[in-house]
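The block underneath contains the structure these notes are about, expressed in structure tokens.
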Amino acid sequence: MSLKHPHSPMLDGEPPPPHRRPRGFGSSPSPAPAAGDPSPAPAAPAPPPRRRGGDREREREKERTKLRERHRRAITSRMLAGLRLHGNFPLPARADMNDVLAALARAAGWTVHADGTTFRSSSQPLPPPPAQLPGIFHVNSVETPSFTSVLNSYAIGTPLDSQASMLHTDDSLSPSSLDSVVVAEQSIKNETYGNSDSVSSLNCLENDQLIRASAALAGDYTRTPYIPVYASLPMGIINSHCQLINPEGIRAELMHLKSLNVDGVVVDCWWGIVEAWTPHKYEWSGYRDLFGIIKEFKLKVQVVLSFHGSGEAGSGGVSLPKWVMEIAQENQDLFFTDREGRRNTECLSWGIDKERVLHGRTGIEAYFDFMRSFHMEFRNLTEEGLISSIEIGLGVSGELRYPSCPERMGWRYPGIGEFQCYDRYMQKNLRQAALSRGHLFWARGPDNAGYYNSRPHETGFFCDGGDYDSYYGRFFLNWYSGILIDHVDQVLSLATLAFDGVETVVKIPSIYWWYRTASHAAELTAGFYNPTNRDGYSPVFRMLKKHSVILKFVCYGPGFTIQENNEAFADPEGLTWQVMNAAWDHGLSVIIESALPCIDGEMYSQILDTAKPRNDPDRRHVAFFAYRQLPPFLLQRDVCFSELGNFVKCMHGEATQIMEG
């Protein structure tokens, strides 16, 4: 699921959502006045006064205040977890920030009274500073010019739980200055990175504050299984005319990757660039030049065939092919459509998989021709082993899911999203399914499923005991998820013919919000029929196993506070456990991809724990790891060079050096 943060406020200029009457089986029109009733109809309410600039600024300030409070709670949670983990400080069961500051101050030789009075204790000898342990960071201020410039340019997620951190204090510090040791506030701007609309982009921040603390890579991974590490190359290195931009910059970037012993790179091949202007006319020159440069550095390539658009065309983004957009001017049912009739132009609807609407071709045939052209163009590179695997884009952001949560439609985390089945072709398929079931009145989408930003309990369909578990609800959700599985089957059947034995990859999103509710509403609208009383991933994995593909799972690092998880009933760890174990149980190889750029040891530790589970009795591990980097990669050299270098060594099962923040 590309990237903006799920909690970012509504952008300036976006219209507020229209007021709508509630839907559902219980809704009814307003009663008409009785005949002969002399009382006049009530006057229409006066329109609300127009909001002025001051009101808008106050709303924005409220959002910024909420963000600051969330980050404050996140830091408190992390400090408590780290201090309790190492057992160095006695903290009460319901400790708050005051207890943490008091414990740290006392350890540094200060006296702290119950009323908060704090002073330097001259009668007590100061304890010696604890010795540095291998693999443990000293926590220093990160407010440096080089780090600030990076944070001001790129959106970075905020970690949550400290798995292995140790705070070292200086004797000259006062309790009031301890916060500057642990955290640093930086102003950052949200910038689209890569596939900005992927539910994998959901942790980027937009407003005033970024709070970051260093953490360590916990544990010894020496002699553990070797897991290759691939770094994604940034979007925009190939322009709309399929020309390679700045070859020397690419060489410098690859040289740096090579120095870190990274095994390979991930390259997106965009359908909207290669077959941009004319059907059946493919232009691969820019990718041919890029692969030639990569070959010089003896790096592997994982190719992603991207059959979707990303960002706004003309502003650094990539759209679907121009000839497809011309057809869509006459037939907008090519695109996924929501209940209100709004079209999502990021990818083609699965309803046209078998409809000859693309100049005599079906959607599946257009994908097959593109895949076959790629294989014919670069067959020698696959035979030489330069191209190690090919990922097949199966939906929005290249992920296998419906575009149920589009930010351009006004969706904001943690909204449940909306069903995307209202184009003419999907409705035709639904009608046929209802007829075959013998219930024609079921040939409709649910009318009480809420809107993009609804919560499950606000709807009649997703609430506990709601219609999602009725006879009609089970029919609709089986059909809706069945369309997704059928799309996988159709595309992968032709991919097997096109690539002739080359390893293929399919990406599954991580839709973890509302995971701790009964309906799993966000997963249902995305096409995964996975409520608490049903395993919605096994049918998908059985289809992937049928075609012998590799599963790539989008992995989110620690990014939310406990309070935020409670608000959205989110459980990213629980979803990751379910997906990876179900995939392994079906005999699939698993790849994980970071949803965010990694900037510190804590995020690396989270990924290592996922890639190499310590307590797995079967000693299972992922096939390789795809790393999302800050573009351009060279900007990270002064920020997290040692952390990344040691992370790669841990993935490779090699001995690591002591890392200092």
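Cβ coordinates come from backbone N, Cα and C, glycine included.
Annotated features, as they stand in TrEMBL:
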REGION    1-74  region 'Disordered'
COMPBIAS  24-38  compositional bias 'Low complexity'
COMPBIAS  39-48  compositional bias 'Pro residues'
COMPBIAS  52-66  compositional bias 'Basic and acidic residues'
DOMAIN    54-205  domain 'BES1/BZR1 plant transcription factor N-terminal'
ACT_SITE  GLU399  active site, proton donor
ACT_SITE  GLU593  active site, proton acceptor
*How many Å lie between the Cα of GLU593 (active site, proton acceptor) and the Cα of GLU399 (active site, proton donor)?*
12
_Neighbour count, 10 Å Cβ-Cβ cut-off, for the residue listed as 'active site, proton acceptor': what number do you get?_
25
_Averaging the per-residue pLDDT over the domain 'BES1/BZR1 plant transcription factor N-terminal' (54-205), what integer do you get?_
52
*What are the DSSP helix/strand/coil residue counts across the compositional bias 'Basic and acidic residues' (52-66)?*
14 helix, 0 strand, 1 coil
